[in-house]
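Engineer: Checked Swiss-Prot, it gives:
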{"type": "TRANSMEM", "residues": "26-46", "note": "transmembrane segment"}
{"type": "TRANSMEM", "residues": "53-73", "note": "transmembrane segment"}
{"type": "TRANSMEM", "residues": "92-112", "note": "transmembrane segment"}
{"type": "TRANSMEM", "residues": "116-136", "note": "transmembrane segment"}
{"type": "BINDING", "residues": "Q149, H156, V157, L158, V159, Y164, H169, P170, S171, Y172, E210", "note": "S-adenosyl-L-methionine binding site"}
{"type": "TRANSMEM", "residues": "184-204", "note": "transmembrane segment"}
{"type": "BINDING", "residues": "R206", "note": "substrate binding site"}
Amino acid sequence: MDQSEIVKLNKIKAKSAWLKKGAARSSAISCGLGIGIGFGIALFIFSQTLRGFGIYLAGLCTFHMWEYIWVTMYHPDKLSSKSFLLNHSPQFNMALLISFIEFWIEWYFFPSLKTFSLWWVGAICMVFGQIVRSVAMDTAGSNFTHLVQEEKRDDHVLVTNGIYQYMRHPSYFGWFVWSVSTQVILMNPISIIGFGWASWSFFSQRIENEEDYLIQFFGKSYKDYKKSVWSGIPGIH
């Protein structure tokens, strides 16, 4: 079966999975995210005090939309409304809530803080992080999953080419940069520190857990790869 036939088959599987696994919910979420992207762009264009928030909102909605699109491309049989990663974890949801509260409190009481010109630095870094994560996911293809795999699939191979030559977990690196950058855009001084610490703690545990399984799956090949290539997260080998 050539590549075009595989893509066509995956499209059929994706459509079937979409119809079976919460088509209405997925449609509603997609619509909501699309509105969020449009509203964010409108704020950036027309608002003087909420331009940063507009970029943040558009970037946040784009992130979740892309996560869903990626699953339709490479894991159509696992497609569901959960593929948007909207309910990633209680910690992630709490961090988002705190960042929103911080932004609006500071916007109301210290409006000058939210018009500080460095928001564009965060925007550039956020786009960079999104691109790195997207490239990593595309390079890994079906070998990349949202959940840590505890059993090796027959088609699971060790990916060390492309961006994986330079870091073992480029998708985590991209997400780490992306998450901290969103708080730079919002000019949330407390959440910048909080997101950095929370993201590092999360990936520290996840990488250790994931690599235990990868060593079981690939043995010496992964051990050698681990020794020679950086993890992608500062302070984590």
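One is the number of the first residue shown, and numbering goes on along the chain from there.
Glycine is treated like the rest: Cβ placed from N, Cα and C.
Describe each of these features in terms of where it is and what it packs against.
Structural biologist: Sequence-remote contacts of a segment are chain residues at least 6 beyond its ends whose Cβ falls under 8 Å from one of its Cβ atoms, and for the transmembrane segment (26-46) they are 18, 53-62, 64-65, 68, 80-81, 84, 86.
Beyond its flanks by at least six residues, the transmembrane segment (92-112) meets 49-50, 53, 182-183, 186-188, 190-191, 194-195, 198 of its own chain at Cβ-Cβ distances under 8 Å.
When Cβ atoms from all protein chains are considered, those within 10 Å of H169 (S-adenosyl-L-methionine binding site) total 22, not counting its own.
Long-range contacts of the transmembrane segment (184-204) within the same chain: residues 52-53, 55-56, 59, 89, 91, 95, 98-99, 102-103, 106, 113-114, 116, 118-119, 121-123, 125-126, 169, 172, 175-176, 233-236, each at least 6 residues beyond the stretch ends and with a Cβ under 8 Å from a Cβ of the stretch.
Taking the Cβ of R206 (substrate binding site) as reference, residues of its chain lying under 8 Å away and at least six apart in sequence are, in sequence order, V148, Y172.
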Engineer: Name the secondary structure element type, per DSSP in three states, that contains E210 (S-adenosyl-L-methionine binding site).
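Structural biologist: It is helical.
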Engineer: What else in the chain is close to the transmembrane segment (53-73), if you only count residues 6 or more beyond its ends and a Cβ gap under 8 Å?
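Structural biologist: Sequence-remote neighbours of the transmembrane segment (53-73) are 10, 14, 18, 26, 29-30, 33-34, 36-37, 39-45, 47, 79, 83-86, 103, 107, 114, 119, 123, 126-127, 130, 134, 137-138, 146, 178, 182, 185-186.
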Engineer: V157, E210: which of these binding-site residues has the sparsest Cβ neighbourhood within 10 Å?
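Structural biologist: Selected from the binding-site residues V157, E210 on minimum Cβ neighbours within 10 Å: V157.
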